[in-house]
Amino acid sequence: MSESNKAIRQPIISVLGHVDHGKTTLLDKIRGTAVAAKEAGGITQHIGASEIPLEVVKEICGPLLEQLDVEITIPGLLFIDTPGHEAFTNLRRRGGALADIAILVIDIMEGVMPQTEEALRILRRYRTPFVVAANKVDRVPGWKSHEDTPFLESFQKQSPEVQQRLEEKVYELIGQLHQHGFQAERFDRVRDFTRTVAIVPTSGVTGEGIPELLMVVTGLAQRFLEEQLKIEVEGPGKAAILEVKEEPGLGHTVDAILYDGIIRTGDTIVIGHPEEPIVTRVRSLLKPKPLDEMRDPSDRFRKVDEVTAAAGVKISAPELEEAVAGAPLRVVGEDEDVEEVVREVQEEVEEVTIETDQEGIIIKADTLGTLEAVVGEFKEKDVPIRKADVGDITKKDVIEAHAVAEKDPLLGVIVGFNVGVTEEARELADEYDVDIIIDDVIYELVEKYEEMVEKRIERERRKRLDELVRPGKIKVLPGYIFRQSKPAIVGVQVLAGVIKPGYPLMREDGRELGEIKQIQMHGEPIKEAKKGQEVAISIEGPIVGRHFEEGDILYTDVPSEHAKLMFEEFKDLLTEDELEALKEIAEIKRKEDPFYGM
């Protein structure tokens, strides 16, 4: 393929950040600023994306671009319209994210928050270069806004106190990013953009800092991504599905971001799917009508014959109802074999969905993109994964998780991102005691899983503790001898710890007495009695008056190995009075056996 057939496409830019940090406002402001520069050509609206042509970038940045000291050959910037993690993860290509650059929006007053941390993890995993927009500078106490001006210009006009305040906030942010493994600095102090994350203070409300933000993004793309942005102009199109939608009069359509090559009406396309790829033919390609032509809301699209990367396009074709977001889409070229393209696409999907761990958790997500992100997050925590798939949680998933739980209860779990659970699955999960964890925030899914593991470990420990003879101390109540022998039945008060049927008893001098057969309260049998309770117990073996008397103190006869386990492994699960009773029992026992409980 000759270089003459290649062209440089626009870098694809995704905006990420914590909820309420101003992603949408900033993105709207960038678009609004571009629309306002209509002398230079304004903005080109795509499906799911907005293109800011280079001329418009130049108009907004003014002389700032000259500071880059590099010839700008990219034709513009393509911003993904939907901010957030989900759009970012759905726009995926083999080996990484589709976005060439991300803008991570952080509220300068709040700093790094949980979803910021998640965004940083995703960006690191996908190795996506990013710029930090330290947003909401207009909220810095005392800041005087200057609409749509470059940040540095506005900064110079602030009082020394306000400048100091902003510097402190930027340095706090630098420190937080450093804790997450990223070296960062204010953009005008960055010497090496390959090693240092640039922080651009911005305001999505006033537009301050947007010229520098666009300058830094343009410079990054031009200087470091030029090779990556070279595309084969006439090559078969490659795209990622952003969304699957049903449109009136069109049926099921897919909104896709084309990142390489060309797609034409009539082309055969292959779309990846967890079951098997969808092979279909493009019925029509649609782009949004310009705002000034959109008179009828139901007639929002115009048909085009072909679309070249990078672009957002709506594709209408048969058999798209099964398509899923995050799936790869490939055009079958004239000299390509359909089967070969199907195989390549399937391999790409299987990289995400097929797991090799025999025992592991089951992950379900709403799209291939989010599935890949969730799988990545759990792999980072070294959690084995048995199956990862797209779609709601079904009975089949529960049966599979139950089979895993039989061998390892901590892995017999289903994790769902943004999915539903069928009624059948819910009922079966209750019956089989299979945990289902659902959330629409990835980091919370991982946290919930870790909490569940802790609870299960705790439950397992309590279960093991309950299999031991636990420490108990009782007093035989005077006047409550109901039967003297075969079995002896007496009233007792539990002074410390716990007693249960089956527990052996001993006297204060360590002599064995016999086993508790039954415990009754108000004439009804009970499973255990704890400190403070007064109950009747039957004891097989001893005779009241010969082996023990009313008023005597008795203890549970805890075997040495049980005491050892309680001292070493389960001490934290014992109540204070149980621990006290255990110490007293050990003291009695060690008169005969100095190594008791050791």
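Cβ coordinates come from backbone N, Cα and C, glycine included.
Here the structure is a predicted model, which means the values were calculated and not measured.
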Under Swiss-Prot, which of the candidate ranges 42-46, 177-181, 207-211, 587-591 is annotated region 'G2'? 42-46
Of the residue ranges 17-24, 353-360, 545-552, the one that Swiss-Prot records as region 'G1': 17-24
Which range of 81-84, 265-268 is region 'G3', per Swiss-Prot: 81-84
Do any residues of this chain, six or more beyond the ends of the region 'G4' (135-138), have a C-beta under 8 angstroms from a C-beta of it, and if so which? 17, 21-22, 26, 105-109, 145, 151, 154, 166, 201-206, 208-209
With helix taken as DSSP H, G or I, strand as E or B and everything else coil, how many residues of the region 'G3' (81-84) land in each class? 0 helix, 0 strand, 4 coil
For Val137 (GTP binding site), just count the other CB atoms lying within 10 A of its CB, please. 28
What same-chain residues lie close to the region 'G2' (42-46): Cβ under 8 Å, and 6 or more beyond its ends? 31, 34-35, 52-53, 56, 76, 78, 287-288, 290-291, 311-313
Who sits close to Asp20 (GTP binding site): which same-chain residues at least 6 apart have their Cβ under 8 Å from its Cβ? Asp107
Average pLDDT across the region 'G2' (42-46)? 78
